[in-house]
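Only one structure is covered here, and it is reproduced in the block below.
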Amino acid sequence: MSATAVERPLLRLRAFRNLFVAAAVSQFGSQITYVALPLLAVTVLGAGAGEVGLLAALGTLTVLVVGLPAGVWVDRVRRLPVMIAMDVARAAVLLSVPLAWWGGWLSMGQLYVVAVLVGAGSLLFDVASLSLVPGLVGRTRLTSANSLLVSTGAGMDIAGRGIAGLLVHAAGAPLAILLDALTYMWSAACLRRITEPAVEPHTPDRSNPPPNATIPRGAARAPRGVRGVGGTTTPLDREPGRGPQEEETAGIAPALRHDVETDGAVPEQHAGGAAPALRCDVRGDSVVREDEAGA
């Protein structure tokens, strides 16, 4: 990348601009479903508090099941096809809701399946999106690019939920969910305009074992590591379908820090700027505990 290209504003870079629009539109649509899906269950199906609670809990369960292998798998494949596939899959799943409503065969069972699939798709999309950024903007601009994506995502959270309430009131929950499906298709169309940089192949050696070897070991260590931060499993306490960079639970804000030495996503926990954080040491097989004291 030339010095002139580095000087250009991030949104003047065509590939990053398309990623930015895709992520913003996708996040906006996700908030529509976050509001509309439980309202649909209550207003159309007459769901009770327990059923609505289960609908929300299934999203958290999805993060628990999919979250552990997602990062390892995404790190070994091309990210862009994963993101496009997740957009198309989420659109198809959500389109089934208004179709079922119009056909008169909508059920709580279907909404449960929709919550699980959309939550899994959103998680994979978010992980792949963060992993794609370094190849589009370069390591020197990574912090600025991630800051722009995260701040825009937060704005979409606020705007999406507010507009979702108006949409549900004006057009009904099924049509609001239909609009969300269309936002995912828009996101996929933007992503198709990006040319993804080549992913360096992973050599299956001792320092970089294959996914079938790393996932079980990581799953076994994850509960111990997560409990080391504030004594709580905060990464699992997030709303269904939300990205891992968005949560702030009990004063502990889970985030993803990009390790520029390995071009991978490394999870960290920060509590008030002074709590111990967990960093996955990708050069070995151990989880290293670091104390980060506020200045």
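Yeah, the Cβs are placed from backbone N, Cα and C, and that goes for glycine too.
Residues annotated as transmembrane segment in TrEMBL: 20-46 (among others).
The transmembrane segment feature in TrEMBL is assigned to 52-72 (among others).
Tertiary neighbourhood of the transmembrane segment (84-105): same-chain residues 22, 26, 33, 37, 40, 44, 111, 113-114, 117-118, 121-122, 124-125, 128, 174-175, 177-178, 180-182, 184-185, 187-188, 191-192, selected by CB-CB distance under 8 Å and a gap of 6+ residues from either end. Under the heading transmembrane segment, TrEMBL lists 84-105 (among others).
What TrEMBL records for 111-137 (among others) is transmembrane segment.
Long-range Cβ contacts of the transmembrane segment (158-186) within its own chain (Cβ-Cβ under 8 Å, at least 6 residues beyond either end) map to 22, 25-37, 39-40, 43-44, 87-88, 90-92, 94-95, 97-98, 101-102. Annotated transmembrane segment per TrEMBL: 158-186 (among others), in sequence order.
Per TrEMBL, the feature region 'Disordered' maps to 199-278.
Positions annotated as compositional bias 'Low complexity' by TrEMBL: 216-226.
According to TrEMBL, the compositional bias 'Basic and acidic residues' annotation covers 236-245.
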